[in-house]
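Right, one structure below, let's go through it.
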Amino acid sequence: MNIEKGKNVMVVSAILTLLVAVLKGIVGYISGSVALTADALHSLSDVLGPIAVYFGLKLAQKEPNTKFPYGYSRAESLASLAVSFIIFITGIEILKQSIEKFDNPTPIHHHFAAIFVMVVSLVITYYLYWYKAKVGKEIGSDAMIGEGAHSLVDFYTTIAVLFAVIGSYFGYYIVEPIVGGIISLIVIILGLKMIKKDIYMLMDYCDEETAEKIKNITLSVRGVEGAHHLKARKSGPYLFCDIHIEVDENLPFKSAHKISEEVVDKIKENIKNISDITVHIDPVKKRYIKVAIPTDEINGNIMDFGIAPWFSVAKYFVFTNIDTYKQIINNIEIKENPAKNLNKKRGIKITDFLINNGVDGVIVKAIGAGTYNALGNNYIKIIKTDKNTIKEAIEEFISILKSD
Ligand SMILES: [Zn+2]
Ligand SMILES: [Zn+2]
């Protein structure tokens, strides 16, 4: 509904601005005022840009086919580039006329028609400024508020033209080409900016901020150990993205694929207008693996503690960080099981706890189905053991690493 409201504002704005542009253009032509003609072009460029974008968007929404498998999203940039170029060229033309008139100032004709049109334009432009600022605040759209600010600038340039026309009426012919020259310079700069934007789009540009955001989202997905070769590109209104993710080489293919799907979903959720994401999976060997082992003991040497018979009701978990390159224990610590007294949802609570502690796998004697599934869904590896002490279990685990 908000978007509908925003759309309505833009339609009203386009119609009124087009009206203003046509009025200024006609009177600019019959009065011979370069200032008015330049301002007409300015108004025209204000309205043609959005119109080109609108029709470009329509075309961009066309379904891809075998001839254009990536769709028609570039159409927007192409349409916009054509319009930007016309604006730029016309701006230069009026700048030339202004310079000629500056060298040889001549009066303009039909002053009152010109003044009338400028006053009408002033009222309309100020109304557009007020309307866009109001709706922009209502729907919380920065773009709309920015549009409003633009209308305010248009309002001031229109005042300058009005002064130029009045000046000409009182015999100050020189004011008019000066105002015309300044406005045509503004139009030229606007045109150049638009051309730059369009070319960026056509050249597969992507701003670093978006790329950084995509990378961070990717890294936040559980099971993603790293990410590289991120390539994002804007194509018209859409964003395409390729990324390589690094996942543990020991994960089953199904799990690795699921992680890649989660990456896609999470990026789509958080980045606007993303249309296509290709995820390539690279297997990596993790250097450090954190393993949790359940125990009921707390006093003495951790390595001599017995392994608790049942995983989820154990009093404590021993966390050990193993360096898989050197195949040694990096560090070892013990933490209380936060779920040991729970009657329900123990598996979920423990899984959250283990995830927060960065655990990759657990070594167990016996485990309930709920906990087993919760751990498995989060890619925490479950290793069964017959050993009795922490020391034996870790030694067994390291010997498995060696044989890998
Ligand atoms: Zn403008
Ligand atoms: Zn790669």
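The chain as shown is numbered from 1 upward.
Keep in mind that glycine also has a Cβ here, set from the backbone N, Cα and C atoms.
What TrEMBL annotates here:
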- 9-30: transmembrane segment (TRANSMEM)
- 11-203: domain 'Cation efflux protein transmembrane' (DOMAIN)
- 36-57: transmembrane segment (TRANSMEM)
- 78-99: transmembrane segment (TRANSMEM)
- 111-131: transmembrane segment (TRANSMEM)
- 152-172: transmembrane segment (TRANSMEM)
- 178-195: transmembrane segment (TRANSMEM)
- 207-283: domain 'Cation efflux protein cytoplasmic' (DOMAIN)
- 307-398: domain 'Dinitrogenase iron-molybdenum cofactor biosynthesis' (DOMAIN)
Going by DSSP, how much of the domain 'Dinitrogenase iron-molybdenum cofactor biosynthesis' (307-398) is helix, how much is strand and how much is coil, in residues?
29 helix, 26 strand, 37 coil
With Cβ-Cβ distances below 8 Å as the criterion, list the same-chain residues six or more beyond the ends of the transmembrane segment (111-131) that contact it, or say none.
9, 12-13, 16-17, 19-20, 23-24, 27-28, 30-31, 33, 36, 39, 43, 148-149, 151-152, 154-155, 158-159, 161-162, 165-166, 168-169
Same chain, outside the transmembrane segment (178-195) by at least 6, Cβ under 8 Å from its Cβ: which residues?
33-39, 41-42, 45, 49, 80-81, 83-85, 87-92, 94-95, 97-99, 101-102, 157, 160-161, 163-164
Which residues of the chain, 6 or more past the ends of the transmembrane segment (152-172), have a CB below 8 A from one of its CBs?
31, 33, 35-36, 39, 42-43, 46, 107-108, 111, 114-115, 118-119, 121-122, 125-126, 128-129, 178-180, 182-183, 186
